[in-house]
Amino acid sequence: METSQTPAGGTVRLDSTYAAEQRPPAYRWVVLFVVWIAFLLSYVDRVAWSTVAAPVGHSLGISVALLGAFVTAFYIGYVLANVTGGLITDTIGGKRTLVWAMIPLGIATFGFSFTHNLTVGFAIQFVMGIAAGADYSAGVKIITAWFGKDRGRAIGLYTTATSLALVIANATVPTLANVFSWQTAFRALGITTFLWAIVCLVALRDSPLKSLTVRISGSEVGELIKNRNLVLLAFAGCGALWATVGFGAWGNALMTRQYGIAPVVAGSISALFGVGAVIAKPLLGWGSDLLRGRTKLLAIVVLVCFALMLLVFGQCSTVTQFYMVAPFLGAVAFGYTPVLIAQVTQASGVKFAGAAAGLTNAVWQSGSAVAPIVVGQVYASTHSFFMALVTLAAGPVVGAVLLVFVNLHGGSAAQETSPGRRSAPSAMGN
């Protein structure tokens, strides 16, 4: 028998009927690809506004200080949905949760094309956030079920979706807006998202075994919430996402307004930001597989480098300088995510991966919800590009300090659970 970690950090025995020596199913890579595309489309939908905020915001009569309001609206909905999204995932399964997140997201993204003022746009972005709120926890749950010892690499590849989404959004949305209209860009995104929901319905399975989804009990949710390591990881991620999403929401607009850089050029700079992240994430995810006992140190180093690179970017003033720094900033601005997610799944165990991912991500994204508005107010009052970046850099510094107190030693059995194994009922009652 093997063991799996309970939410509180204890262990339970696992059913060994699924042989340990059985070769991991090759279909897991198809599953990873499907959930990766779903996550990518979801992230393109959420950052699309940021790529055209400056020019389109002016046409809609939105002030500079409120250009980040739509991003904040999305993340308010996203945070609220994540609170329950992980629990729903552990109850009805990752596949159903993901499909029922993608369908309304596609419809709402299409509907955003009809926005004509701040109020309507805020409301629709809020609905988009609610719809997208369970995509992350559903993806993590499915990957955790299908991948065992190579889970860190799989999560690293999965999280490249957010970085590549920045590249795609910045390379396509401003161009579509110039050639056709910004409304056309959002309609195309909405249709694509809806169609991929159908692909998820057809191609995905919750796990290699055709077993019933084990429900998570209320007492187990309570244990998750009281798990010290998960609490620290949740608030560390909040500080990190504060800077990542804050930069994603304001990077283009700040370069355009402060230095007169054309939106398409600013988009290409942000695309390089995404390229750096795409390269860094799988490498750091692979590193988390190799450095089993030192993933915390790896995460701390990346967050400290993130804060420093934000300050370096804040000192740039020319297109050439921005082009040079952007890939390195992108590498650390997103590179920490697979390392943090790997620690979350290690702290929670396979059975509770969906709930843990959803609950921690809800806290992470609260930083995403607040940062765009705060940065907008700082820039509106100071008109300082550097001060806006300093405001963002505070987040990863706080995150790095919190990670110092995380201690995952002694409960790592859960992360070794092979995909497809079923956990026996725990002592907490299930």
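Here the Cβ of each residue, glycine as well, is placed from N, Cα and C on the backbone.
Quantities reported herein were computed from a predicted structural model and do not represent experimental measurements.
Straight from TrEMBL, the features:
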TRANSMEM  26-44  transmembrane segment
DOMAIN    31-411  domain 'Major facilitator superfamily (MFS) profile'
TRANSMEM  64-85  transmembrane segment
TRANSMEM  97-116  transmembrane segment
TRANSMEM  122-143  transmembrane segment
TRANSMEM  155-173  transmembrane segment
TRANSMEM  185-204  transmembrane segment
TRANSMEM  230-249  transmembrane segment
TRANSMEM  261-284  transmembrane segment
TRANSMEM  296-314  transmembrane segment
TRANSMEM  320-341  transmembrane segment
TRANSMEM  353-379  transmembrane segment
TRANSMEM  385-406  transmembrane segment
Distant-in-sequence neighbours of the transmembrane segment (230-249), which means Cβ under 8 A and at least six residues beyond its ends: 7, 47, 50, 53, 68, 71, 75, 166, 224, 270, 273, 299, 303, 306-307, 310, 329, 333-334, 336-337, 340, 343-344, 347-348, 356, 359-361, 363-368, 370-372, 374-375, 389, 391-400, 402-403, 405-406
Highest-contact recorded stretch vs the transmembrane segment (185-204), from 97-116, 122-143, 353-379, CB pairs under 8 Å: 97-116
Interface present between the transmembrane segment (261-284) and the transmembrane segment (64-85) (three or more C-beta pairs under 8 A): no
Mean of pLDDT values spanning the domain 'Major facilitator superfamily (MFS) profile' (31-411): 84
Two-stretch contact, the transmembrane segment (122-143) and the transmembrane segment (353-379), at least three Cβ pairs under 8 Å: yes
Segment-segment contact (the transmembrane segment (155-173); the transmembrane segment (26-44)) at 3 or more Cβ pairs under 8 Å: yes
The transmembrane segment (385-406) and the transmembrane segment (261-284) contact flag, 3+ Cβ pairs under 8 angstroms: no
